[in-house]
């Protein structure tokens, strides 16, 4: 069902034998020309980058960065953007037809799958250094100790709050779970909920659950541990208090942002990629803080998100070397800063991040949260997707009535059974 | 591909030059010509239906992972994929949801579609305009309907609940957020989408029924209900079969609508075979397991097709 047979050659209907022969001759000529074209499709000076920058703004920022790097290296860099959910399947299909692009930008949680299949080149062998890159970010782009992906910027989740609403209600910015629960309760009034978050049945929901799970000492390898159960019970309590909308289980992170912008939620858990949209509403005064922790003094551990630039193994070492240079350029300090300032993400590089903090002081809390953030695939690698699916089903069951313990026990069984 | 379609008609013509009136050769020529006309269809079917089908069946017995795309190696693993899928509790759930979804959707679509078709069968002012307006849901892409309905059905801010609230009918129905309600809501949306199709085909069928039959019935003093049961329904039977078969085929494999509405949630309450095969193949990248679920879907359709063909045959007699 996934196989796509090649498109058939043009169908011809001859009138005589001679016509048929000439048709055959022509079609042979055409197809051989086409095949030759395929083989030479890789123009020597044209390099392609496949990414998921389908939004106009991101596509433009990337195109500009690629144009600058291309100019510096004397090559043309072309951008090919596909929807985020299709990058992996498209790359796999391209791998089987031996037509992989020179550079692929994967979501960091997907990169291990492609690396495990043997599709990526070690960036260190292509001359990319990791001296200035913080260890956490190197790990973020690594699979089983090999550095496959260079991150330009990273992101994580933080607590966004509506300053006007909090001031009006006299509520201080919460820092612990208990404070968050009380604040959310107090801020819930009429049609407005105290807090909005996404518990939708996709990676969005899992991404949002991890800071609660990890800050409480829970772990994705042991889903039915008391720490994870406690974290889920905390979500349930917020829902039972009426501080969260019942629609939480059906919301993506973009929906959560819509609710926050419409004034239907006083606080939300979300990421910096929403900032551009948030800023379009001038009357909205928002600020961010770290995600509250179970106990005062505990570390707020969020999920590290973002994309990494990788060089697929195409077998052409010369091209791979140039591709490595393009990646190095795109991930250079200068480009990182430009990209981070555009997209509101945190630069991956330590020095650049410090500079970025000065330029964007309002997102300071986010930079702190990133520094302590953890990668989702560090422990499970390519096994993350199965655990993620099991976890989605578990917190949705728990939020719609089941006990957290039973739901997570089933999730752990499902995750270990390999389904 | 090219050769098989080209040579057939040609070889049917070239022997004509010998011009010997040989009945055997003439028959052979006709035969070849017949096959020549059939050949394009056969080749098309083999290439675009046969090949993927066989490939999917083979894949369900293979350990097919992302690595396969690089090495081309997919070792056979017997019935491992099948037993893994059948032991997964989610599979049983998805199968049940698929059956409920299909039966519920078809019933709703068909009954409302038939009622509307009968209604529009009489001529009245603006009837044509109204009839074309009802086609609108059909014109909207499935994903768009899905996203719009997701907003409409939102528990707190959705139009439907706000409307019900204004009427004093509660208005806190958890349409898509309760595992007990979600499947029903998805079915309701699918009924809305399917009504135009049912109505159009059934309306066409109604137009074909000779007016004399109705005149005769009314002369015999038959009531409206009796006329509907004894004239309309039996005359409409072939069209009804077509509507239901086509409806079944487009409903049983449902994927886009559910992905847009609930993503299979909450808590897997709207997982169907379609979403499960998508999840196995494109989220978990376990293509073998995805193929198994896809094959089950094919088997379900095949069983139905057999019933359909049999029903058609008795009809023919």
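Backbone N, Cα and C define each Cβ position, glycine as well.
A quick note: this is a predicted structure, and the numbers were derived from the prediction, not measured.
Within the set B:216-238, B:239-261, the record from TrEMBL flags B:239-261 under the feature transmembrane segment. Of all ranges given (B:132-152, B:153-173), TrEMBL attaches the label transmembrane segment to B:132-152. Between the listed ranges B:264-286, B:287-309, TrEMBL ties the annotation transmembrane segment to B:287-309.
Annotated by TrEMBL as transmembrane segment, the relevant range among B:67-93, B:94-120 is B:94-120. Long-range contacts of the transmembrane segment (B:181-203) within its own chain (CB-CB distance under 8 A, at least 6 residues past either end) are made by residues 97, 100-101, 104-106, 108-110, 112-114, 116-117, 120-121, 131, 134-138, 142, 145-146, 149, 153, 173-175, 236, 239-240, 242-243, 246-247, 251, 254, 257-258, 261-262, 265-266, 269-270.
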